[in-house]
Protein chains: 2
Amino acid sequence: MNSSSNSQHRISFIPGEPVHDPERTLIFLITPTYTRPTQAADMTRLSQTLQLVPDIFWIVVEDAHNSSRSVEDLLRRTNVPYAHLLGPRPPTHLDKRSGRGVSNRLRAFEWLRENYSNTTQKGVIYFADDDNAYDVRIFEEMRSTRIVSMFPVGLISTLGLSTPIVSRKSGKIIGFHDPFIGRRKFAVDMAGFAVNLQFFLSQKKATMPYKVGYEEDYFLKSLGVQIWQLEPKAENCTQVLVWHTKTKPADQPKLSLMKKVTNYTETNLPDLYNNQLEQS
Amino acid sequence: MNSSSNSQHRISFIPGEPVHDPERTLIFLITPTYTRPTQAADMTRLSQTLQLVPDIFWIVVEDAHNSSRSVEDLLRRTNVPYAHLLGPRPPTHLDKRSGRGVSNRLRAFEWLRENYSNTTQKGVIYFADDDNAYDVRIFEEMRSTRIVSMFPVGLISTLGLSTPIVSRKSGKIIGFHDPFIGRRKFAVDMAGFAVNLQFFLSQKKATMPYKVGYEEDYFLKSLGVQIWQLEPKAENCTQVLVWHTKTKPADQPKLSLMKKVTNYTETNLPDLYNNQLEQS
């Protein structure tokens, strides 16, 4: 882990620009985000985790029409290569069944195709939501993904986890153990798989639907991957190195209560609340 | 931040042993923890944050009679100096009004007095719960604490934050803005202040009561500190660099559901569940 925390500094990049480096296998981390009271806390934790990971490229996509100053400031501070994009939900998909994150990820797909089609860049695509918890070891597990790799995810609703089922005999993935199987061929969590960049680019029809609960399954089907091709990671799916954590929602800062402080304009409170409101 | 991620490696230590280094001001981070499904995720995130902080000493105290293998493994992997202690709640204080974390922190106080009384070690004590979110910049803010320093904490219940009130004119702390004032002289969150090590050691009566909502206030009163002595940090308390986040509780892994998988003994599931149960 020491070597990781140092080795990231070998990669050279221009803030906001794609990296082209034939020597490295980059992990393209796609993080959808949106403005809310817990955003700064969640994004800060994730950004600090990523400072320990060498050779990553962070694609942060806001569900917004204008980019947020606090997200841009955080990206600049973090000192990892990044793209800061906007992927607002279209007016046709604001309902609950459409869910969050899809418009952001579709925008990231577009950006990857624009910048890496017809290149030989080695890379792996991973969907990293901003409130999950990542053990840095998971990134080294996924870096060798040839087509699609999979691994267990902790803290998934009623089961406590979601995992591919791996045959001891063949070492192959033969099914899925997940609280929600439904009509899914690939019953996995968004944080439970990674995709080879060149494989993704070669599958021109790859996309993600606006359909809560089926995003992962439809995406993997659109890639044309078969179950026998899946690569189990994390010691044949016996280790949990990523958790589907959710930060408890919090209240918005209450400006009205600030004003109850006697002579509040003569204190730190106006500046503090202004700084807070920029973030939420 | 780059220099931080490298500079921690200058400190030399023996796992589990106190560090004596007259050249450095160490931050003694006291983290109470207990076994639960979200513990591994929370402790992993915190441990990775600490890998970016130079010159810290992590005192992890479990509310348990036996130490947990997964906590010890995590501490060894993390590569920061640490003490791994046990501070179970006494049978007289298992009720709701006694709350969690006090027995752990009292054990840490004992350990600090045993190992640093009659030394000249420079240091700062900070209470870092395992589920909060820390921007690494907060540690550099608190490192210069001469007696007791204070700073805002985000995501505090109905107000959205808790902060000392700082007079613009004098630059001094003159009161507190917190959702719960009650009968508290110091209306602050546990994550909102730091204490100089030698000052703490000089105050032999310093302690923390088993009294939910009053732990911080009684502790600060027991230190004999006065409001005019408090040192505001984080740009005169106008920046939020620490958040009182709570990870949503999760279900325990369900062994019974694993057994519904056909031929489950021939798969990765038994090992995966064993590894999970060690952590929760």
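Including glycine, each Cβ sits where the backbone N, Cα and C put it.
Feature list (source: TrEMBL):
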- A:E216: active site, proton donor/acceptor (ACT_SITE)
- A:D131: Mn(2+) binding site (BINDING)
- A:N236: N-linked glycosylation site (CARBOHYD)
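Note: the Cα of A:E216 (active site, proton donor/acceptor) and the Cα of A:D131 (Mn(2+) binding site) are spaced 18 Å from each other. Here the CA atom of the residue listed as 'N-linked glycosylation site' lies 26 Å from the CA atom of the residue listed as 'Mn(2+) binding site'. Annotation note: A:D131 (Mn(2+) binding site) sits in a coil segment as assigned by DSSP. For the residue listed as 'Mn(2+) binding site', the number of other Cβ atoms no farther than 10 Å from its own Cβ, over all displayed protein chains, is 20. Counting only residues at least six positions away in the same chain, the Cβ atoms of A:V166, A:G171 sit under 8 Å from the Cβ of the residue listed as 'N-linked glycosylation site'.
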